[in-house]
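In what follows, a single structure is set out as structure tokens and then discussed.
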Amino acid sequence: MNRTPAERCTFVKNTPDCDMEDGFINYLNVVFCLLPPNLTPFTITLCCMWLFFLFMILGLTASKFFCPNLSAISSSLHLTHNVAGVTFLALGNGAPDIFSAMAAFSHPHTAGLAVGALFGAGVFVTTVVAGSVSLFKPFAVASRPFLRDVIFYMVAVFWTFLMLYRGTTTLGETLGYLSLYVLYVLTVIISTYIYKRQRNYVNTSNQNSEYRPLLPYSEPTSRILLSSLNPVDSRKWRRKSWRWRVLKVLKTPLEVLLLLCVPVVDPDKEDKNWRRPLNCLHLVIAPVVCVLAFQSGKYGNYMIQEQFPLWVLILLLGFFLAAIVFCTTTNDHPPKYHAVFALLGFVVSAVLISAAASEVVSLLHMLGVVLSLSNTVLGLTLLAWGNSIGDCFSDITIAQQGYPRMAISACFGGIIFNMVIGVGLGCLVQMVKTNSDVQFESEGLLTWILAGSLGLSLVLSFIIVPLSQFHLGRTYGIFLLAFYVIFLIIALFTEFGTIHT
């Protein structure tokens with residue numbers, strides 16, 4: 001921008017696209033109006049630290065609160081592992097990507113951020129993550145599930161490419177796009193059923209007796225509350241490395257705040273993680289957090305009949321419910337309606353993830369303006385890496401523990417859900433808001449390189465893996481990692497004008 005600081009500030013204040021209504025903070029206003037230009041490098045450094053913290057919120061909320069509650073809900077509904085895996089658990093694993101995409105699709109000028117993130121994450125997961133799994137643990141992949149996932153993902157990528165090429169999508173096309181995942185779920189269920197019938201699979205369950213104390217000990221309520229708010233396992237602390245301890249120290253304050261706000265139901269525990277004093281506190285705090293965080297605090301100052309704050313009414317109702325639960329339950333046994341707390345935890349964690357994702361999108365949009373980077377390149381780098389790095393480490397760990405097939409299935413199965421639901425719901429939300437078709441603002445050659453690279457990586461895997469008799473070895477892993485490096489170099493050269501049409 002070849003303008004004076006005052007002109008930049010005026011431009012930011014008077015331009016509708018610079019009005020970041022979907023976040024708590026207007027970052028462009030902070031950079032160009034509140035702080036002097038000579039502090040811009042310091043501001044960018046602070047924003048990068050804040051971005052790291054937001055990614056930490058996304059990761060912690062999804063892994064420690066969102067996913068466990070989704071698992072508890074699926075157990076309560078008696079869903080099979082296949083149905084739960086491709087619906088609830090896929091939503092849990094892909095929550096940051098999906099909410100980031102929906103937040104980005106709320107405005108046409110940030111839709112490129114969602115496209116870059118989803119395609120960038122797709123390339124990252126199908127090359128870096130899948131390549132790392134093959135590199136660390138060579139194995140023979142299950143042929144039919146692998147081909148099924150790759151084919152469905154190629155269809156999803158091609159459909160998304162057509163939407164971007166046309167620059168618009170209608171309601172009917174969006175609903176058809178979303179139905180692609182429904183078809184994928186049905187295919188998973190039917191193919192699993194056929195496979196079990198062919199193999200005459202018989203489920204056997206072993207009933208392991210658990211140790212039970214002869215004289216049950218009831219802890220005081222205050223001690224239960226304090227132990228429930230302690231996220232540090234002393235035995236785990238002693239075993240882990242110093243790097244893990246440093247990261248844990250950084251995460252602990254955030255974990256304590258989340259433990260105060262979000263209930264977690266664990267169906268694998270005997271008491272299902274019932275913590276009477278903390279769960280009663282959740283009934284007071286969680287609804288208020290939802291009101292204050294929903295749509296970036298839009299309803300935080302809402303007044304009922306312009307006289308009574310909404311959050312105060314929610315707080316009073318929470319106290320009333322908490323008093324009833326506290327007086328009608330005990331510390332030792334969860335109530336029959338304990339599964340309702342899983343639903344509450346799911347809603348609160350979803351709202352928090354959505355709020356954090358909106359902040360990430362707003363912050364990346366500001367960094368793109370300040371650093372003169374396109375939304376697409378920010379999406380395929382920072383946003384894609386931030387949302388996928390957790391999947392990378394977890395899938396490698398799963399493979400090293402002896403489950404490489406599970407890890408490679410997560411690579412392809414999860415990103416199908418992320419792309420179809422992220423783009424589909426994002427478009428649907430924008431249609432509801434604007435009552436019109438969704439328009440895409442393509443960012444030129446970079447978008448086509450991104451889509452083409454993802455499609456090419458899938459086609460190459462579709463050809464190479466069957467030719468190698470479905471054995472994923474170290475050579476295949478090195479090939480995928482090299483593919484990603486070449487893709488990233490081409491994308492960055494395109495962004496900075498070295499490669500152009």
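Any Cβ shown, glycine's included, is placed from N, Cα and C.
All TrEMBL annotations are machine predictions without curation.
Taken verbatim from TrEMBL:
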TRANSMEM  42-62  transmembrane segment
DOMAIN    49-189  domain 'Sodium/calcium exchanger membrane region'
TRANSMEM  111-134  transmembrane segment
TRANSMEM  146-165  transmembrane segment
TRANSMEM  177-195  transmembrane segment
TRANSMEM  278-296  transmembrane segment
TRANSMEM  308-327  transmembrane segment
TRANSMEM  339-357  transmembrane segment
DOMAIN    342-492  domain 'Sodium/calcium exchanger membrane region'
TRANSMEM  363-385  transmembrane segment
TRANSMEM  406-432  transmembrane segment
TRANSMEM  444-465  transmembrane segment
TRANSMEM  477-499  transmembrane segment
Result, the transmembrane segment (111-134) in contact with the transmembrane segment (444-465) (3+ CB pairs under 8 Å): yes
Tertiary contacts of the transmembrane segment (111-134) (same chain, 6+ residues out, Cβ under 8 Å): 97, 100-102, 104-105, 153, 157, 160, 164, 361, 364-365, 368, 374-381, 383-385, 387-388, 391-392, 395-396, 399, 404, 407-408, 411-412, 414-415, 418-419, 422-423, 426, 438, 440-443, 447, 450-451, 453-454, 457-458, 461, 472-474, 476-481, 483-484, 487
The transmembrane segment (42-62) touching the transmembrane segment (146-165) per 3+ Cβ pairs under 8 Å rule: no
Structural state census, the domain 'Sodium/calcium exchanger membrane region' (49-189) (DSSP three-state): 123 helix, 4 strand, 14 coil
